[in-house]
Amino acid sequence: MLSRLRPITFRSPARVALRFNSKKSDPNHENSDKSVSQAKEEGLSEFKFKQKTSSSAPAPMEGNGVDKLLKKSNKPYIPKIKHDRLSFEYPGLPNQDKFNATAEKPKIIGRWTRYVPKIITAIVVLWGAYTVKVWFYAPEKGADSKELLDPNGFHKFVVTHKEEIDEDHYLIELHPKFNHWQYSYYNNYEKKSIWNGDRIWSVDVKQPDIMVVRAYTPLPLYFLKSEYTRSGERKPLLKVVNNDGEDYDKQGVMCLYIKKYGDGEVSKYVTNKEVGDEIELRGPNIEYKFPYHPLKQYHERPIFRDLPSKVEPESLVEKVKKINKIPDFDNLTFYAAGTGIAPALQILLSRNPYRGYVTIHYSAQKQGELKPLERFMYFLEKLDRVEVKTHYDTEPKTRLSSKDITEASPTKYLSPLRIEKSELSPEEALKLRMSVLDGKDSDSKNETELTELSKEVVPRFENALQQAMVTSQQVKAPSALAIVCGPDGYVDFVAGPKNRATNEQGEVLGLMKGKGWDNTNTFKL
């Protein structure tokens, strides 16, 4: 029965026409389609309805309750005094309970909670380390010293720069390892400062391996460093310590001009040091102090600076001499060989430099041994403070001879003590001493004369370089003082040998013999 049933399909006339359509169209069929479309258009034109709203309004929605929701509510708004806030939380994990949820809840990390514990920990650690260092460890020797240098003990210095001039000559910059000494400089800088042109001083450098010391003359110089010098792109510039009270002698920095000898244990020890190594110094040892002169009370020569145009002039010095009737300073001749020129540079570059005119006879084996210091010698000549005459072994015509030794000039000022020691009898010396105490030796000054001198107009200069253009034309008086410094053979050749066993000066001989030089106006270093 079921096998006899067949599916019945209904096909519309349109589908049949499309299926069996051929390329040739049936004209009767086309006419029938046109008549049907015309009938539909006539029916639509006859159908009309009454619109309740405008044509742009949305379609009516009746019977579904949406129109009530779209109507404007005219019910007045009455705010509630209390509001019930509802919060919803996401359900936890299946294996999570309230205890684990509170334990694993992340803490709120803010700026203070992040850094304050670290800061407190660092402070506690530093304070503990400081306490341990102060109470359980003794300070390093020399760390609590109130003096930069001590003539009775060694202080540690650090090598901060080393410049090799040639195979044998070096400039070594030293800086104190500790800075506790600076606290005592606040109120007593004038007395505490080590740089003073009124004297020549040296320091002892210790060789700790064999316990030997050797004296060297420090120079008020330092090397100006920058990021370019530390990277090796440029060489540091050698400058003069300006001795300003603000930095206290550039924190105690100094330079040593050293020659390396083959048999010199201390010179080899110092020149083999590298930057960062330590050296022990003892001093200062006063080698020579210039005689007293009354002009020191009224005038102080401006210090030397790296640029001559920055040095202050001495416009009023001549007027001060006339008003107080003070003689000029004695001129000085300095005979130096090799590194023996360091004392001359020390008194010329320090605070309160030597006020007289200085003639330097510098002897060396060859040119170039003084290369980094030649700039300062040139500037000093431009300021009309010195005259440098060079003598080299490689140039026989320039070697030092008796022709270069001038006759000694009598000193321009003799203190009462020197007069008493030299010429006066005991009775005359006693009278002179009493007159000095009573003030009777002072010259009576005429008030009219002082008034005229005070009204005298003196030339004004902008700087010392401008003043030197005028003073360089004046004839310099012969020297009344002489200092000889260099190797033992050089000192013996120029001024005769010293008695090194007793450290006495000895008789003045050599090239200076017979020209008025003696132990009263000549000193051998």
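Start at 1 and count along the chain as shown; that gives each residue its number.
Yeah, the Cβs are placed from backbone N, Cα and C, and that goes for glycine too.
No curator has checked TrEMBL annotations; they are predicted automatically.
What TrEMBL says about this protein:
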BINDING   K259, V266, S267  FAD binding site
COMPBIAS  23-49  compositional bias 'Basic and acidic residues'
DOMAIN    152-291  domain 'FAD-binding FR-type'
REGION    19-68  region 'Disordered'
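Within 8 A of the CB centroid of the FAD site residues K259, V266, S267, the other residues of that chain are R214, I258, K260, Y261, G264, K268, V270, T271.
The average pLDDT for the domain 'FAD-binding FR-type' (152-291) in the predicted structure is 90. DSSP gives K259 (FAD binding site) a strand state. For V266 (FAD binding site), the same-chain residues 6+ apart in sequence whose C-beta sits under 8 angstroms from its C-beta are V205, Q207, V212, V213, R214. Secondary structure at S267 (FAD binding site), taken from DSSP and collapsed to helix, strand or coil, is helix. The Cβ of K259 (FAD binding site) has 17 other Cβ atoms within 10 Å, all protein chains considered.
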